[in-house]
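Taken from TrEMBL as is:
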DOMAIN    40-525  domain 'Major facilitator superfamily (MFS) profile'
REGION    1-28  region 'Disordered'
REGION    529-550  region 'Disordered'
TRANSMEM  74-93  transmembrane segment
TRANSMEM  137-157  transmembrane segment
TRANSMEM  164-187  transmembrane segment
TRANSMEM  199-218  transmembrane segment
TRANSMEM  230-250  transmembrane segment
TRANSMEM  262-281  transmembrane segment
TRANSMEM  317-337  transmembrane segment
TRANSMEM  357-375  transmembrane segment
TRANSMEM  380-401  transmembrane segment
TRANSMEM  407-426  transmembrane segment
TRANSMEM  447-471  transmembrane segment
TRANSMEM  502-521  transmembrane segment
Amino acid sequence: MSNFSSVAELPSPQITDTAEAPVPEPAHKPRRSMAQAIGLIATCTTAMLLNSANGTAVAIALPTLGRDMNIPAYRLQWVVSAYSLSSGCLLLFLGRLADLYGRKLTFLFGAFLMGVFGLGCGFANDEITLDVLRGFQGIGGAAVIPASLGMLAHAFPPSRIRSVAFAAFAAGNPVGAAVGSIIGGVLTQLTEKTWRSVFYFMTGISALVFVGGLLTFDKDMPSTEEDKRVDWLGAFLITAGLVMIVFVLSDGSIAPNGWKTGYIIALLVVGVLLMVAYVGWQYYLERVQDDPEAPRSWWTPPPLLRITLFGRGSGKLAAILAIAFLEYCGFMAFPFWLQLYYQDYIGLDPILTMVRLLPMSVAGVLCDVAVALVVGYVPVVYLVVLGTALTGVANLLFGVINPAATYWAFGFPATVLIVFGADFVFPSGTLFVARLCLPHEQSVGGALFQTLTQLGGSFGLAITTIVYNAVLKSMSLRDGVAININGTNAPPDAQLHAYKDAFFTAAAFNFFAAILAIVFLRTVGAVGDRGDGSEPTEAEEKAPVSIEAK
């Protein structure tokens with residue numbers, strides 16, 4: 001048995017998982033100077049920041065965009081959802097292509113798509129064109145993220161610099177969300193082109209990311225896998241299934257008859273069936289590949305994703321994926337409802353709303369610096385439980401907010417605390433996944449983690465929207481008001497109750513994630529590397545997490 005990786009201070013019996021034999025990294029991996037390492041980390045982090053900002057920068061411009069293009073309020077969310085739909089549903093497929101055909105090529109392809117179609121969005125003159133272009137732009141996001149994760153794992157072996165690299169990359173997500181809100185608010189309110197300026201600006205950042213990838217990414221080497229075929233059937237099943245499920249989550253609350261609409265029910269059923277078929281198909285391909293006596297044919301390529309991957313680390317990998325999903329349910333719902341609360345209920349303009357989100361950026365950077373310093377020493381359970389609980393507290397503060405109170409009483413502490421969960425869970429989770437994935441699985445493993453966070457964001461928004469709409473309707477009827485399709489005639493008291501209950505729901509996701517972490521991660525030690533040459537502890541020697549090679 002060959003040890004592929006070990007998790008520090010894991011005081012539990014030896015954990016082994018059966019997988020295909022580890023594929024060695026190329027022996028001629030290029031040496032990297034400090035400047036080159038910084039350039040690579042900065043490029044990958046900027047790509048993550050851009051992917052996140054592509055959502056929030058546009059979200060804060062939605063009211064202006066809707067008025068300019070005469071898009072009804074209930075359809076505005078598709079300008080944001082079209083991007084997240086394609087980016088979230090193609091991560092696994094493009095992650096597999098990155099592992100097979102080259103992470104640099106995949107990264108450059110993604111950066112190019114984000115730039116070209118982002119520029120097209122800036123010139124769009126109707127709703128359908130804008131939504132379609134945003135969908136194609138999202139494909140770029142689905143390409144750059146797994147390629148970045150795979151490149152970081154490939155470029156930096158287990159060491160302190162790997163912990164720093166993953167922490168910096170993780171910072172791009174919450175910091176990008178905050179910076180995107182700032183950029184969106186400023187450009188929308190202060191430039192002549194208003195919301196179009198947001199897309200022009202993002203196109204410029206995409207160009208920088210493309211140049212950065214061209215200069216800092218290692219030259220793609222041929223894949224060391226013997227069988228380089230792509231599981232096209234699996235790619236179709238997972239992509240189609242995810243598209244239908246994410247569409248239902250995004251459109252269910254605004255469909256003609258809500259969640260009872262015929263096509264919503266049909267798409268949900270078909271989407272779930274496709275996902276079940278995908279799992280069965282991947283399991284079948286995995287068994288064929290692992291059985292030397294099984295007949296091979298063009299019909300049985302290597303699986304897109306090994307289903308047994310979820311069981312690695314005695315199921316703890318599945319646990320960290322579930323925790324990430326729940327964390328992002330609450331984390332991504334927070335800025336969405338926060339902006340609506342400030343702009344639609346309090347009546348603030350985009351810039352004043354943006355100013356109230358500034359603490360998220362500062363707190364996010366500080367959190368990621370802290371994670372980079374301690375992830376090699378502190379057991380992951382402490383980081384994950386603390387982060388998810390503090391994100392829950394942030395949502396809880398807006399669940400009990402007094403609109404007449406000063407910003408410093410509720411708004412400020414909430415915007416500081418909200419980033420702890422994402423900033424602690426994302427780097428810890430990606431490091432954990434990188435340790436349990438083989439070298440040729442790094443991009444698809446990172447894509448799996450990112451897919452769960454994307455789905456978590458969509459699911460959290462869908463559930464909190466259901467809660468908001470239900471409370472708004474019931475509270476308005478109690479006051480004798482039948483609200484219109486946009487909810488613009490709802491009494492202020494009903495609006496406030498609906499916002500609070502949406503935040504309460506988001507908090508519940510985060511606290512549930514904290515409970516899962518306590519239950520399933522309590523025996524896991526530090527997932528980062530100290531990089532100080534220290535000897536392994538007794539617990540490390542007795543309890544490695546390894547992948548057993550056949």
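Start at 1 and count along the chain as shown; that gives each residue its number.
Using the three backbone atoms N, Cα and C, a Cβ is placed for every residue, glycine included.
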Cβ-Cβ under 8 Å with the transmembrane segment (502-521): same-chain residues at least 6 beyond its ends: 315-316, 319-320, 322-323, 326-327, 329-331, 333-334, 337, 380-381, 384-385, 388-389, 391-393, 395-396, 398-399, 421, 425, 460, 463-465, 467-468, 471
For the domain 'Major facilitator superfamily (MFS) profile' (40-525), the mean pLDDT of the predicted model: 89
Touch test for the transmembrane segment (447-471) and the transmembrane segment (230-250), at least 3 Cβ pairs under 8 Å: yes
Intrachain residues whose Cβ lies under 8 Å of the transmembrane segment (199-218), provided they are six or more past its termini: 29-30, 36, 39-40, 42-43, 46-47, 50, 53-54, 57-58, 103-104, 107-108, 111-112, 114-115, 118-119, 121-122, 140, 144, 151, 154-155, 183, 187, 193
Folded-back contacts onto the transmembrane segment (407-426), same chain, C-beta under 8 angstroms, at least six residues removed: 170-171, 173-174, 178, 323-324, 327-328, 330-331, 334-335, 338, 356-360, 363-364, 367-368, 371, 383-384, 386-395, 397-398, 400-401, 453, 510, 513
Range from 164-187, 317-337, 357-375, 380-401 with most C-beta pairs under 8 A to the transmembrane segment (137-157): 164-187
